[in-house]
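So the structure is just underneath, and the comments pick up after that.
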Amino acid sequence: MTAGALTPAVADSGTDPRPANSAEIRRPVAPPPASGPGAGVRSIVDGDGIETARSARPIAPGVALTSYDRLESDKWLRVDALSVDLGKGTEADYLHSGKVAERRTVSELAAAHDPGKGRRTVAALNADFFDINETGAPQGAGIKDGQLVQSPAPGAHRAVGIGPEDAGRVLEVYFEGTLTVPQGEHALAAYNAANVPAGGIGAYTDAWGTADRALTVDKATPVAEALVEDGKVVSVSDRVGSGPIAAGATVLVGREAGAEVLKGLRAGDAVSIAYRPRTEGEVPRTAVGGRELLVVDGVAQNHEGQGNNTAAPRTAVGFSADGRRMHILTVDGRQADSGGVTLTELGVMMKQAGAHNALNLDGGGSSTLIAREPGSDALQVENSPSDGSERTVPNGLALTAPDGTGRLEGYWVETRTPALAAPTADPVRGGHPERVFPGLSRVLTAAGHDETYGPAAGRPHWRAERADIGRVSDDGLFTARRSGTTEVRASSGSAHGSTELTVVDDLARIEPTTRRVGLADASATGTFGLVGYDVHGTSAPIEPRDVRLDYDRAQFEIRDDGRGAFTVTPLSAKGAGQIKATVQGEETLLVVSIGLDEQPVAAFDDAANWTFSHARAAGKAEPTPDGQTGTGLKVTYDFSLSTATRAAYLTPPQRIAVPGSPQSFKLWIKGDGKGAWPSLHLKDGAGSDLVLRGPYVTWTGWQQVTFTVPQSTPMPLSVFRFYLAEATAAKQYTGEVVIDELTAQVPPSVEVPEQPTVADELIDSAAETEGRDWQFAVMSDAQFVAREPGSPIVQQARRTLREIKAARPDFLVINGDLVDEGAPADLAFARTILTEELGDTVPWYYVPGNHEVMGGKIDNFTAEFGPAQRVFDHEGTRFVTLDTSSLSLRGGGFAQIKALRAALDQAAEDPSVSSVTVIQHVPPRDPTPQKGSQLGDRKEAALLEQWLGDFRRTSGKGAAFIGSHVGVFHAAHVDSVPYLINGNSGKNPAGPADKGGFTGWSLVGVDRVTRGEQAEARQRPWQGGPDWISVQTRAHADSLALTAPQTLAPGQSGDVEATVTQGTRQVPVAFPVSADWTGSPNVHIGDPDDARRRHVAAYDPDTGELTALRPGSVTLAVTVNGLTQRAEVLIASAADLRVAAADGA
C-alpha cells in the first residue's frame, strides 16, 4: 500500500500568511471581469460538465422555463432556458418604451407593454446591443408590427425575426431609404438610428426621444439639421440640435456630404422621405438586432480567436429548423455562481437546446430574463444580472399569450418561504423549506390558474396525503406530526396541485442566521432568521409563527417579513439589546446594536517604536512625515527572495487593546500598486489568532481599507501586528507602503452570546471505537521542514506516528500538511520519517494539503508519493481521497470531481461496498469564527455535502467525510453524514484548547453496514442511520489530572473535571477530547435517572456531574489516550461524616 502526498509549509509558531482559502485569494473589491481577449482565451466545448441542479415550470401553453446549474471544468454556470412553441398561440412582440433612445429595465418595459386585446405578457428578455455610452439607442434594426422602429448601424444587420406566421428565423435586415428634395433624390442612410453613417443623412421623428442628436454624428464636420413639418422645410441649421421632436415633425441630420445637401434647403422647400426594411423573404412582424451567429444550419459556430469570445453573461435566441420552436437562453456570468460562457460555448449550448439557427444578443450586465409563475401575472427576474440589479436597456422581446377562460384548472403549490430566501445553514444561500420538524409548521400557498396558467380564482381544499405525517388547515398551514414524507395537496373540484414535504427528526437545537444584527443608525433595518437542527444535523428553517421572541420592545421592533424571516427596525438612535428566541423549549440568543462609533486604535505617532520582521523576505520599517494625518509608518519590502509565501510584518511595541466589540477596522494605506495582500493580525478574547484580510494593494496613493470582523468572534480584541503578504510564486517584486490612522467601528456595548458547543455523537470513547469491526488512523498538519530535522515539530510528528503504530490500525491516512514546504528535500524527509517510524507495520496513504505545494507544484509531491487522488476499497468501505492542495476541488483537476461522482454511483450499486468515506485536506466548513480554513468555493462545499447526503439517503449505505487544515479537532453531522476535522499533529493549534485546539490524531472505527441496516436507512432516512462509524480523538497526553469531590451527601451533585497537559497547554477532557469514563461496580456511567438500585453514584460525562445516590464509597476513573487517573469519593450524610471524623480523631 502506498501513500499520496501533501505539500509542506514553513514550520514557525506565527500565523501562516498564506491565504486561508481561495475566496480570499480572489482579488477583491469589484466583481471579477470576464476573461480578457487574446491567445489565452479558450472555450471548453466538450460538454463534459456535471449538471448539479435543475428545475422547470410552465409559463403558458407551449412555453416552459427550465433553470439549471452546471459545474464545468473551469467554472460554475447558471442557465435559464425558455422553450416556446410558436404554434400554441404565443407571440413575440417588440418591447420598448415607445422612444428609441430611452432606456428602462426589462421589468419596467414589460410592465408598460400593451400585449393587445385578450392577451397577457408572460415573459420578456433584453435584446439588442446599444450605444451605451452616448445615445442609448439600439445598434441593430427594430421592427414592431411589421413597421420599422429604427434602422441598423452599418454592419449591424443580423437580427432575429418572428412572424408574420407562427415561426421565427435568424435573418439580415438592411435599410433602404430615399430623400426627395427640390434638387433631386438622395439616399436616406438612417432612420432613428444611433449613428448617421459618414457622408449620409438620417431622419429622426418624435419616436427618437430626447437623446442629444449631436451624438449621432460623432463630432463630424460639417454637419447640418433641417426641421420638416407637413412635408415642408421649416428651418435649416449648421448645428445638430437636441431635445424632443414634435409629433408629426421630422428632423433631418446630415454630416459631411449629407450636411451639404441639407444646407442647400430653404424654408418652404418640399421634402419627402421613403424607407423600408429589406430582408430575404417576408418582413417579420417583430425583429430585434443581434450580433454573432451561434448556430448555422445545425452547426455550432467556432469563434476562437475572434472578438467578444470571452466568458461573459449571455443572452441568445434561436429557432428549430422549421422555425416553429423558439429557444431563449440566458447564462449568468461575472459572479461566483456563474462564470459566463464564450460565444463558442454558447453556440454549443444553443445547439444542445435544439436550435438549428441561433444569434447572440446583448449580454454582459444587460442580460435579463423575466417570467411569470403559474397563477400570477407578476413577472419576476429569473436570471442574476451581473450588475447586481437589472440594467436599463432600450429594447427587448416580450412573449405574450392569449387570455384563458379564467376557469380554475389547477394550483401552483409552494411554501410561502422561497427556497432561495429561506434561512439556511448551508454553505450557499437557499434553505430547505420543504423540511419541517415534528410539532412545527410550514406555511403553504396555492395560486389558482386556468388552462393557460393565468390567474384563476378558487379557494382550495387542503389535504395531506398521509395524515399521520401532518395535517393542513383550511388556509394552508401544514403542522407536522411525526417524521416521514407526505404530499400536500390543494384541490377544488378537478383542479389540483401539490408539493412534497418531509418531516425530519425531532428538533434538537436552534440557531439564528446571524448572532448580531448591526444597525448603523435609526433609519436602518436588519434581518435574521432561525434554523433548526435535529440530532443528525439535518436543518430546516423555522417559521416565525413558531417562535417566541423576548426582547426590549422600547429599543426595536421585530416583525415577520412574510418570507420566513424577521425584520428588525430600531426605535431609538443608539442602543443595544439581546433577543431570546424559543422554539419547543430550545433557546438561542442574538444581539441587536444600533449606531456605530469610530474609535481610534493607532495613530502611528509612535511609528519609530514599531518593529519590522519578515518571512522569506527583506525590508525595513520607519516613520515618515508623509502620513495621512501627520506621522505615518512606512514599510519597504522585498518579495523577490523566495517563491514560497513571503510576508513583511509590522509589530507595535506592545499589543494594542481595542475597546468594545468592533464590527470592522479601517486603515489608511498609501499603495504602491504592486498587489501585496494587507492583513491585520489580531488576538481575540480566547487568545487565538484572528487575521483579517483586506483588498490587494493594486492602487497607488491613499485609500482607506476596511477589515471586517467575523461574527461570533470572542471579544475583546487586541492588535498584534499588521503585515503584507504575497502567496503567488510567480509574483516577484519590491515595494513601499505607508499606513496610518487605524480605527475601529464599534457598536454600543453588548455582549454577543457565545455559540454553544454541540457535542457531536461521532466523537466516542476508545471502547466504542475499538469495538467496531476495524480501525484506521488519521493524522495531519505536523508542518515540519527538512532543514530542521530535530525541531520540536518533527519530534511531535514522530511521537504521533509511534502512538499510531502502537494502536495497530489497518492503515494510516496522512491528511495533508505533514510538511511545511513542498520542496523535494522536504517531501523526501517526510518519507524518511514515515519509513523510520512505521516501517512495514502500518500501511499508509498520503493526501496532499496546501503546504505540500508551498513554494512548488503538486508535481514534487506526485514524484515522491504517487497520485494526488485515489479510490480504494477496504473491508467494504470505499475510500475516495481528493487533492485540495490548491484550496479547492477543481484546483486538483476536474477529473477528480467526476471520479468522485462515479465512485459514489458505483458504490451505490456495488453490493460489496457498504459505505463511502471521502478524505481531503480542506473541509467544506470551518467551525471557528474566522471561517478562513474551508473550501473557498462555497458551491463546491455545498455540492460535496449534497452528494454525500443524497448517497446516504438513497442507498442506505454509510457516508462520511474527513478533513483537516483548520488547526482544531471537530466533528459535526450534516444531513445525517458525519464530518470529522482532524486537528494538528505537530504545529500549534489554531484555536483555544476547549474548542478543539490541542494536538494529537484520530482513530476511526468502522463497521460493515448490513443489507438490513441499508434497507432500514433507506426506508426511514430521517432516523439518521446507519450507525457504522465512530472516532476516538487521541490527544497527546503528557499527563492527566482528575478532580472530584472527596465527599458528597446522598442527593448532592458535584463537578468532576479532568485535564490533559500538553506542554504548557491545559486541555479540558470534554468534547472533542475522547475519554473513557469507568468506575467501581457501584457507579453508573450515564444519566442518573437510568441508575439501578446497586449504584451508589452516577457520573454523567455529558454534564460533568457526579450525583450521589446513597451512602457508600465509589471509585471514578478516566482514561485519555492510554493514561488513566482515579478518584475516590465517599458518600455519606453530614452526620455520618461528623461521626467518622470523630472516630478518626
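Cβ atoms here come from the backbone N, Cα and C positions, even for glycine.
Because TrEMBL annotations are produced automatically, they should be read as predictions rather than curated entries.
Pulled from TrEMBL, these are the features on record:
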REGION    1-42  region 'Disordered'
DOMAIN    225-399  domain 'Phosphodiester glycosidase'
REGION    378-401  region 'Disordered'
DOMAIN    777-937  domain 'Calcineurin-like phosphoesterase'
REGION    915-937  region 'Disordered'
Contacting positions for the region 'Disordered' (378-401) when only residues 6+ beyond its ends and CB under 8 Å are counted: 31, 59-61, 63, 65, 67, 78, 80, 82, 84, 89-97, 100-107, 109-111, 113, 115-116, 119-128, 130, 136-138, 142, 149, 286, 288, 313, 317, 328, 330, 332-335, 337-338, 340, 362, 364-372, 452, 454
Arithmetic mean of per-residue pLDDT over the domain 'Phosphodiester glycosidase' (225-399): 97
Residues of the region 'Disordered' (378-401) by DSSP state, where helix covers H, G and I: 0 helix, 11 strand, 13 coil
Structural state census, the region 'Disordered' (915-937) (DSSP three-state): 0 helix, 5 strand, 18 coil
